[in-house]
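According to Swiss-Prot, the protein carries these features:
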- 1-47: topological domain 'Extracellular' (TOPO_DOM)
- 18: N-linked glycosylation site (CARBOHYD)
- 33: N-linked glycosylation site (CARBOHYD)
- 48-75: transmembrane segment (TRANSMEM)
- 76-85: topological domain 'Cytoplasmic' (TOPO_DOM)
- 86-110: transmembrane segment (TRANSMEM)
- 111-122: topological domain 'Extracellular' (TOPO_DOM)
- 121-198: disulfide bond (DISULFID)
- 123-144: transmembrane segment (TRANSMEM)
- 145-163: topological domain 'Cytoplasmic' (TOPO_DOM)
- 164-186: transmembrane segment (TRANSMEM)
- 187-206: topological domain 'Extracellular' (TOPO_DOM)
- 207-238: transmembrane segment (TRANSMEM)
- 239-261: topological domain 'Cytoplasmic' (TOPO_DOM)
- 262-284: transmembrane segment (TRANSMEM)
- 285-299: topological domain 'Extracellular' (TOPO_DOM)
- 300-321: transmembrane segment (TRANSMEM)
- 322-372: topological domain 'Cytoplasmic' (TOPO_DOM)
- 333: S-palmitoyl cysteine (LIPID)
- 340-372: region 'Disordered' (REGION)
């Protein structure tokens, strides 16, 4: 199997989207066989493409449907009145965008070429980076939000408001645009070995900027946010162990601890799913390893697929960890357009005359971001 040039080739591509172009020294060019002649394909390459397509199809179906249900449920039932719900909506939006690109990537694997043109190439590559940064930034802010709710309940009344949460979400997308827009500009389609590839074209020297990009992504989309999250949960753990009642109400405390656990599990799932590919990319870039080893190549594909799988995992976690989300999902599936059935899925709760509160909300408390 003829291998394409080294990782410092003049044209580099995204490490997380167009996988066969991400690390050119490891993957065969489209249509290359063992003798180097175009037009043939090995059985192992075809089997890998079929396996990836099947996996991506499942991730796309579960992730797109699940995240759309999350967004619709939040808008329909909570009117975005709580800080936690607003952050969850932002996370679901980023995940839905990421899973929407998987059909294009599956087609690229099966066809061994990029048939969708440069405009979609730019969209797919930039969405990948937008998802990466908006997801971890949102999870970081959710952890900070939990820290303030647990450790500074008085300050939470002022900080954890819907308006401020929406403003923070806007800032998250603006910060992510600092990476997403340059990626969109650098994304190009280029002919290679009789096929078309969608890749990133870095300025000269391309190998230098490619390495700098990978290191910056590793630091700012993984290491630094994880450190902030770790500090927040470390301080929360100390607080939860030292104080029996955080809010003066046992019911409110149970809600507070339940939401904190849910956010921690979602953050943990993100770390488990994304740590392998981040570490793999850094090792691949900085360490001299055998990039032609089939096991290394297979491990890389597995790590990338695991990162994408995280986008379909969050709605499942919400359904299992939060009873209100579970009831909300059931109602959305049973009732056309999410209309509330009289008496269904409701428990006795206090509600103001200005806002009708239903049970189909994350357990964040009614009507305000500081409730829990």
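Note that Cβ sites are derived from N, Cα and C of the backbone, with glycine treated the same way.
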Through the lens of DSSP with three states only, how would you label residue 198 (disulfide bond)? strand
Highest Cβ pair tally under 8 Å against the transmembrane segment (48-75), stretches 86-110, 123-144, 164-186, 207-238, 262-284, lands on 86-110
Would you say the transmembrane segment (164-186) and the transmembrane segment (86-110) are in contact under the rule of three or more C-beta pairs closer than 8 Å, pairs 6 or more apart in sequence? yes
Determine the most Cβ-crowded residue among the recorded positions 198, 333, using a 10 Å radius around each Cβ and all protein chains in the structure. 198
Measure from the CA atom of residue 121 (disulfide bond) to the CA atom of residue 333 (S-palmitoyl cysteine) and give the result in Å, rounded to a whole number. 34
Overall pLDDT for the topological domain 'Extracellular' (285-299), taken as the rounded mean: 80
Which residues of the same chain, at least 6 positions away in sequence, have a Cβ lying under 8 Å from the Cβ of residue 121 (disulfide bond)? 114, 187, 188, 189, 198
Per-state residue totals over the topological domain 'Extracellular' (111-122) - DSSP helix, strand, coil: 7 helix, 0 strand, 5 coil
